[in-house]
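In what follows, a structure is listed as structure tokens, so that the remarks can point back to it.
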Amino acid sequence: MPHETTFIATIVAGLVLAFLGGLLASKLRLPPLVGYLLAGVAAGPFTPGFVADEGLASQLAEIGVILLMFGVGLHFSIKDLLAVRAIAIPGALGQIVMATALGIGVAHIWGWTFGAGLVFGLALSVASTVVLLRALEERNILDTANGRIAVGWLIVEDLAMVLALVLLPALAGVLGGTPHGAAGETGGGALVVSLALTLGKVGVFLALVLVVGTRAIPWLLMQVARTGSRELFTLSVLATALGIAYGSAELFGVSFALGAFFAGVVLSESDFSHQAAADALPLQDAFAVLFFVSVGMLFDPMILFHEPLAVLAVVLVIVLGKTLAAFGIVTAFGYPASTALTVSASLAQVGEFSFILAGLGVTLGLLPPEGRDLILAGALLSITLNPLVFAGLDRLSGWLRGRPGMLGRLERQRNDSLSVLPQPHEGPQDHAVIVGYGRVGSVVGKGLNSQNLPVVVIDQNRRRVEALRKRGVPAVYGDATTPGVLEAAGTRRARLIVVAEPQGYQTRRVLDLARQINPSIDTAVRTHSDAEVAHLERQGVGLAIMGERELAFGLMDYALRSFGSSDDRVRAVVQGVRVAGEGGVYERRHGEPWRGAPELRQHRDEAPPTD
């Protein structure tokens, strides 16, 4: 192939194969990342057919790493981390230590050096940002308490790996790898000098970025934004990311990844962060795909046949070891089993940071190439198995809920003062139980409180429960899908339960348990799909509201009024669209008795549809 076309051929082959691999993975209901890695295997030197230029692919992968880490920095939120710091920081650090120890132990059995085991264990300890966020989004739990804990946990893991990327080159000599800088000299003094120089350079770099960059970069983007040119703004974002990453490596000896990460962090706190993320996302996705393809090119699939037991050991460390470690840590901190299972399933895979660490370990002479192949094999298999892990832990969660005694032994929060209402006698009577006190539940609660109607809140956010109690609002900390938590909220004596959290499977579980405890309780739930509304209506729920539809009706109301429609006309049009959209569901509501609380049925049946 002519030299002039090698660069183009590498990009074209990488993107085309990644597209086909990603499409196949999606058809098989697997994360596209699996397809991208397999595309790299197909284009690599270990499989027959076309072989892409490894040198060019690795350089394109560097751009992918820069943009990938820039995106991680852009989405890094100090507020999100601080909100769950009580569990995320000690939990993530504890899990990293446990997983790394497992990796070192396995490596020792194989006869590897301590340095190789350390890199190997660190690579197995960190989960993929891409896979974790996608899994939480698919299950509609990203914005829940469980999802926020998982994301905060991931942020701490990422920060720990960023620190590892800084320290490994300085420690390479003493760990048995290729000496790096002053660390190549013998003696402990040389190591201290090397670490001091490395940390000093990083400190100067961070000071410049966080002190100068936080002022200069937003100012620069503001000047560019004033030109009104979308192209210039996109170019300025990319130039900032690539320029800081390259400058950090050339001037301070800091890795491209670290420089790009802090460039994103600086931008994340500016008013232009969302636009910067939107503009950088297409190129970030494209080059990140090439990064995963280049990683796949380094993988020798024959290791699956030559070292099947070693591959199995790696998968067990990732899927079983990390899962058990995370579950034990979360429950030890007094969180519900559902939270522990969500976090455990989210972390039962490895991804982009693992590949970066493995590549660095091989470059520094710490990790043998076989170790990189094992990490890649573990990544492919763990990412492929992750949906099954979620499904299995969902089944385990249901099984545990049916066994309150066992669940009580696992969940320390049963002895938590926040899991029981501070009540001297019988507790509240004829009240409303609100499950979830976020944006939706808090509005419902404020409305009821404004009329002096009794309310008890159930929430999995400890800080929120503590704040509510300080304001005099009865609140219980825990998972509402657990019978004991519903009992603690006085569901047996309640008039109404409002499920303000959007997870369908949890909503159904809460309603089933609430009706078992109190068959006459009225029910109102929040959903995110027509199918869920229809299912809940068939189950006899008092009221099921799809949030997006009500939002649409509000926008329609405003739009009609902006054109001068009268109040009566607006109500008629909105009601007509509502009836047309709900069809038989609406007719059944007004043609049959409601199945909610007996005291409320008469008022509902007498209320005619609004014209």
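A Cβ is built for glycine as well, from the same backbone N, Cα and C atoms used for every other residue.
Taken from TrEMBL, the feature transmembrane segment covers 6-26 (among others). Long-range Cβ contacts of the transmembrane segment (6-26) within its own chain (Cβ-Cβ under 8 Å, at least 6 residues beyond either end) map to 32-40, 42-43, 50, 52-53, 56-57, 60, 286, 289-290, 292-294.
Annotation comment: TrEMBL describes 33-51 (among others) as transmembrane segment.
Annotated transmembrane segment per TrEMBL: 57-76 (among others), in sequence order.
Look at TrEMBL and you will find 88-110 (among others) tagged as transmembrane segment.
Feature annotation from TrEMBL assigns transmembrane segment to 116-136 (among others). Non-local neighbours of the transmembrane segment (116-136) in the same chain are 31, 33, 72, 95-96, 99-108, 142, 147, 150-151, 154, 157-158, 160-161, 164, 168, 175-176, 288, 314, 317-318, 322, 345-354, 357-358, 360-361, 366-368, 371, 374-375, 378-379, 383, 386-387, 390; each lies 6+ residues outside the stretch with a CB under 8 Å from one of its CB atoms.
What TrEMBL lists as transmembrane segment is 148-171 (among others). Tertiary neighbourhood of the transmembrane segment (148-171): same-chain residues 72, 76-77, 80-81, 83-85, 87-89, 91-93, 95-96, 119, 122, 125-127, 129, 132-133, 136, 142, 180-181, 183, 191, 194-195, 197-199, 202, 254-255, 257-258, 261, 326, 330, 335, 339, 342-343, 346-347, 353, 356-357, 360-361, 364, 366, selected by CB-CB distance under 8 Å and a gap of 6+ residues from either end.
What TrEMBL records for 191-212 (among others) is transmembrane segment. Counting only same-chain residues 6+ beyond the ends of the transmembrane segment (191-212), those with a CB under 8 A from a CB of the stretch are 166-167, 169-171, 173-174, 180-183, 244, 248, 251-254, 258-259, 262-263, 266.
Residues or ranges marked as transmembrane segment by TrEMBL: 233-266 (among others).
Annotation comment: TrEMBL describes 286-305 (among others) as transmembrane segment.
Beyond the ends of the transmembrane segment (312-335), by six or more residues, the same chain brings 86-87, 90-91, 94-95, 98-99, 102-103, 106, 124-125, 127, 149, 153, 341, 343-345, 347-350, 374-375, 377-378, 381-382, 385, 389, 393, 410-413, 416, 460 to within a C-beta distance below 8 angstroms of the stretch. If you look up TrEMBL, you'll see 312-335 (among others) marked as transmembrane segment.
Sequence annotations record features per position, and here TrEMBL assigns transmembrane segment to 347-367 (among others). Within its own chain, the transmembrane segment (347-367) is flanked in space by residues 33, 65, 68, 95, 113, 115-116, 118-120, 122-124, 126-132, 150, 153-154, 157-158, 161, 164-165, 168-169, 172, 175-178, 180, 255, 257, 288, 291-292, 295, 298, 318-319, 322-323, 326, 375-376, 378-379, 382-383, 385-386, 389, which lie at least six positions past its ends and keep a Cβ under 8 Å from the stretch.
Annotation comment: TrEMBL describes 374-393 (among others) as transmembrane segment. Only residues 6 or more beyond the boundaries of the transmembrane segment (374-393), in the same chain, are considered here, and those with a CB under 8 A from a CB of the stretch are 29-31, 33-34, 37-38, 120, 123-124, 128, 131, 135, 139, 295-296, 298-299, 303-304, 307, 310-311, 314-315, 317-319, 323, 341-342, 344-345, 348-351, 354-355, 358.
Mean predicted confidence for the domain 'RCK N-terminal' (429-546): the pLDDT average there is 85. Residues or ranges marked as domain 'RCK N-terminal' in TrEMBL: 429-546.
The region 'Disordered' annotation in TrEMBL covers 588-611.
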Remote residues contacting the transmembrane segment (286-305) - C-beta distance under 8 A, at least 6 residues beyond either end: 11, 14-15, 17-18, 22, 33, 36-47, 52, 54, 57-58, 60-61, 63-68, 71, 130, 311, 352, 355, 359, 370, 372-374, 376-377, 380
CB contact flag for the transmembrane segment (233-266) and the transmembrane segment (33-51), at least three pairs under 8 A: no
Within-chain partners of the transmembrane segment (33-51) [C-beta distance under 8 Å, separation at least 6 from its ends]: 13-14, 17-18, 20-26, 57, 128, 130-131, 289, 292-302, 351, 376, 379-380, 383-384
Structural state census, the domain 'RCK N-terminal' (429-546) (DSSP three-state): 53 helix, 26 strand, 39 coil
